[in-house]
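**Q** What follows is a single structure, and I will ask about it in a moment.
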Amino acid sequence: MAKLSVSWCFSLLQIFGFLAIGSSAREEIGIYELKQGNLSVKLTNYGAHIISLVVPDKHGKLGDVLLGYDTIEEYKNDSSSFGATVGRVGNRISGAQFTLNGTLYKLIANDGKNTLHGGPKGFSKVVWTVKKYSPEGQTPHVVFAYHSFDGEQGFPGDLRAIVVYKLLGDNKMSITMKAKALNKATPVNLINHAYWNLGGHDSGDILSEEIQIFGSHYTPVDAQLIPTGKVVTVKGTPYDFLRPRTVGSMFSKLAAGYDINYALDGSDEQKLKKAAIVHDKKSGRVMEISTNQPGVQFYTSNTLYQKGKGGFTYKPHAALCLETQGFPDSVNHPSFPSQIVNPGESYKHYMLFKFSNL
């Protein structure tokens with residue numbers, strides 16, 4: 001349900017600027033609901049998570065299509081990043097280090113020898129400031145902000161980050177992630193890590209859902225899921241979803257499922273481009289995702305085994321993730337699109353989700 005009370009004085013302080021470094025630790029953790037028509041979304045400022053998205057099926061029946069938990073405490077102990085905002089650099093950085101402007105930066109490894117989703121206490125594990133909450137009107141929205149300090153999880157420079165969740169009418173939701181480097185150059189790759197099951201979060205696996213991915217190339221990985229540096233065609237591989245087909249149609253040619261970055265077609269990051277379309281035939285629900293980012297990580301929750309909402313146990317392939325992003329490990333691959341934001345420069349990641357029925 002919507003957060004019941006928001007202090008006007010506190011809101012004014014937030015509107016006119018970020019709180020001081022470290023002040024987010026004193027911010028109250030709350031749940032914030034946005035609702036417009038038949039679409040409703042619940043969010044929390046803990047990790048700037050999206051915790052539910054309820055939308056009708058072809059018969060008008062409402063259902064929650066996001067995996068997650070019933071309590072904030074469960075999100076605090078979560079290792080799957082259900083619905084989280086991950087950063088400062090989402091996805092993997094090889095060897096938990098990178099060199100920038102002649103300086104070697106050593107990060108905290110939390111995925112073997114590598115850093116995953118910003119480290120063990122990345123942006124998904126901190127309390128964000130609520131800058132604005134408007135649950136009603138033409139564009140219900142909430143704005144979360146976080147000030148990441150110089151050296152946090154090993155990353156250079158102070159960084160101001162904002163995440164805006166907004167409902168736009170006609171069963172559309174946008175997520176906008178912005179960041180500004182204050183005093184040092186730093187890599188930035190903020191990602192939304194929602195786990196989707198259009199049949200409903202407790203409906204079973206997603207292998208029969210139909211998906212189309214608008215990427216004619218992908219970035220191959222090694223055994224540790226670190227990109228090799230190559231960008232190759234999907235033609236003739238199990239990664240070819242240029243035409244719609246079911247998620248599980250070529251699982252027999254894979255070790256466990258999908259966990260791969262696609263280079264999206266269309267190179268202009270200033271323009272919105274389609275990333276993927278997913279269709280669940282049983283419920284009729286359709287989700288279309290567009291973004292300004294160069295890549296999308298397609299992940300089929302291959303190792304998932306977790307008790308979630310209502311005590312339902314989520315098992316492998318219970319959901320799919322479509323994480324629009326910069327390419328993984330870009331800081332160690334000069335040929336990949338750069339994620340470096342210099343002092344005074346801004347980063348922007350825009351996502352548009354459209355829901356409908358067939």
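Any Cβ shown, glycine's included, is placed from N, Cα and C.
Pasting the feature list from TrEMBL:
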SIGNAL    1-25  signal peptide
BINDING   Asn91, Arg92, His193, Ala194, Tyr195, Asp259  beta-D-galactose binding site
ACT_SITE  His193  active site, proton donor
ACT_SITE  Glu323  active site, proton acceptor
**Q** Other than its own, how many Cβ atoms are within 10 Å of the Cβ belonging to Ala194 (beta-D-galactose binding site)?
**A** 26
**Q** Can you check which residues sit near Asn91 (beta-D-galactose binding site), meaning Cβ under 8 Å from its Cβ, same chain, 6 or more apart in sequence, and list them in order?
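**A** Non-local contacts for Asn91 (beta-D-galactose binding site): Leu116, His117, Asn189, Ile191, Asn261, Gln297, Glu323, Gln325, Pro328, Asp329.
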**Q** Please identify, from the recorded positions Arg92, His193, Asp259, Glu323, the residue with the sparsest Cβ neighbourhood, meaning fewest other Cβ atoms within 10 angstroms.
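**A** Sparsest of the recorded positions Arg92, His193, Asp259, Glu323 by Cβ contacts within 10 Å: Asp259.
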**Q** Under 8 Å between C-beta atoms and at least six apart in sequence, can you list the same-chain neighbours of Tyr195 (beta-D-galactose binding site), or say none if there are none?
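**A** Tyr195 (beta-D-galactose binding site) has long-range Cβ partners Leu66, Leu67, Gly68, Ser80, Phe82, Gly83, Ser301, Tyr314, Ala318, Ala319, Leu320, Cys321.
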**Q** Could you measure the widest C-alpha to C-alpha distance across Asn91, Arg92, His193, Ala194, Tyr195, Asp259, the residues recorded as binding beta-D-galactose, and give it to a whole number of angstrom?
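**A** Farthest-apart Cα atoms in Asn91, Arg92, His193, Ala194, Tyr195, Asp259 are separated by 18 Å.
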